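Colleague: Feature annotation from TrEMBL assigns domain 'Nicotinate phosphoribosyltransferase N-terminal' to 13-137. For 159-346, the entry in TrEMBL reads domain 'Nicotinate/nicotinamide phosphoribosyltransferase'. Sequence annotations record features per position, and here TrEMBL assigns domain 'Nicotinate phosphoribosyltransferase C-terminal' to 366-475.
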Amino acid sequence: MSPQDKLGRNLSMLTDFYELTMSNGYLQNGMKDTVAVFDMFFRRIPDGGGFAIFAGLEQLIEYLSNLSFTEEDIGYLRSKNCFCEEFLDYLLHFKFQCDIWAMKEGTPIFPGEPVVVVRGPVIQAQLVETMVLLTINHQSLVATKANRVVRAAQGRSVFEFGSRRAQSYDGAVLGARAAYIGGCDATACVIADRDYGIPAVGTMAHSWVQMFSSEYESFAEYAKLYPDNCTLLVDTYNVLSSGIPNAIKCFNEVLLPMGYRPKGVRIDSGDIAYLSKKARKMLDEAGFDYVNIVASNSLDEYIIRDLLIQGAKIDLFGVGENLITSKSDPVFGGVYKLAAVQKGEEYLPKIKISESIEKITTPGFKMVYRFFSKETTLAVADLVTLHDEAVDASRPVTIFDPIATWKKKTLQNVEAVELLTPIFRGGELVYRSPELSQIRSYCLDQVDHLWDEVKRFEHPHTYYVDLSHKLWSMKNALLEEISSQNTGAPQINEGTSF
Ligand SMILES: Nc1ncnc2c1ncn2[C@@H]1O[C@H](COP(=O)(O)OP(=O)(O)OP(=O)(O)O)[C@@H](O)[C@H]1O
Ligand SMILES: O=P(O)(O)OC[C@H]1O[C@H](OP(=O)(O)OP(=O)(O)O)[C@H](O)[C@@H]1O
Ligand SMILES: O=C(O)c1cccnc1
């Protein structure tokens, strides 16, 4: 039987066709065992935010640990009439051999820095591109969005309610996982609880209320069944003249006599600020000041922020479609680029040229450090270095903007933390993913170590991601070399790659 993921699927063939044609080509060109280094990085933070959250590593590990090809897969590939038998045999006996370094899940990440580095035989390092990008792009997108929503809620709980509007199964289940990493407290998605241990929660739908001859009866029957977990949906008919009075009646006549404390009411339409304030007053006056008010209905970080500015009395937010699809900015544009090729003991840097400066890749086999101020404990800058370059933070470290090089900053009294952790060595897994709840706590803690200026929604401060002097010099030398080779020749075209 072929290895499977949590939903019973073998995802080894989830790769773009060109990965296979290139890998087949590398083999036929005698380059099969040439060691290449690829970086995954992203260029733009969704929603104009100041940082993103790295997520999806566990699913990438699962995929890479299970990477193997069945006779059926090989038969299918053979039917395409473009792969040589040697390549098909290579796939049939595939054994993963790459080294991988990655950020830990939950780490705040910034444009331009490698978040995953893959080093290994190019035939393999090429093949895994699609899944590296797919898993990390999706979950980082949702974790980033969730973290925005959670920050807007200012300490109030956020429940992820998005399964029904997610883009398919993995969008729902792994979206719930990513949302939890980003700081959501719970999910409505049952399988996400069963398989990932994300607390599953729920209230009731309008259909439940509509199924009974009266709103009160629907509340009373629900309360009798679930007395210790009773949140009533109060907006099916009229929140203030019907829903809240019936909820109070149900609490008094059903739950209190049973010896239970009611939990909450949910408002899912109308002017949520206005209704929540009125509902709070009514509940308080009836002696239920401890009953939570839950709000839902196409919420996002901006509406939540606005509701709180309006003084809405909401204890808990249920957020679905805008979170699970990251509707306002639904693409996390992480890319996977060749950075170096090993030659003997050396790494030949590889660069991808572009007309736009930001799109020129940073060559070389690299490492990323984050500097934390020992005084404030806040993150002050990231430094991308060559992989084996030592960073001595015991002395002042001068960093500079890699484009506007005159912009310099000297960091003193800082601690340097290596951000890329070894995940695979020679194809062997050397990393154990923490429990999901630990990843979530780590994420929230790391976000606490960012400056408020980086965290604001509008025009956040651009966090420094600089290159070490060695790396910057190497990149510039390469650019000089390329431009001198092109002297007299037509302009360097977009797409020129060395
Ligand atoms: N006080 C408020 N300030 C800002 N946005 C709000 C406020 N109250 C509700 N909203 C948001 O306004 C939108 C209202 O959506 P919509 O026009 O569908 O109204 P509705 O109340 O859901 O109507 P319906 O009764 O038909 O369901 C939702 O995204 C909701 O979160
Ligand atoms: O609006 P979202 O942020 O996506 O949150 C999830 C929504 O899903 C439910 O509505 P739906 O109309 O699907 O079912 P219902 O009949 O229970 O209201 C729920 O009442 C929320 O409004
Ligand atoms: O439990 C809920 O209240 C819920 C679940 C899914 C979607 N909307 C609401």
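Indices start at 1 and increase along the chain as displayed.
Backbone N, Cα and C define each Cβ position, glycine as well.
How about a rundown of where these features are and what they're close to?
Modeller: Across the domain 'Nicotinate phosphoribosyltransferase C-terminal' (366-475), mean pLDDT in this model comes to 97.
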Colleague: Going by DSSP, how much of the domain 'Nicotinate phosphoribosyltransferase N-terminal' (13-137) is helix, how much is strand and how much is coil, in residues?
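Modeller: In the domain 'Nicotinate phosphoribosyltransferase N-terminal' (13-137), the DSSP-based counts are 55 helix, 21 strand, 49 coil.
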Colleague: By DSSP, how many residues in the domain 'Nicotinate phosphoribosyltransferase C-terminal' (366-475) are helix, how many strand, and how many coil?
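Modeller: Residue counts for the domain 'Nicotinate phosphoribosyltransferase C-terminal' (366-475) by secondary structure: 24 helix, 40 strand, 46 coil.
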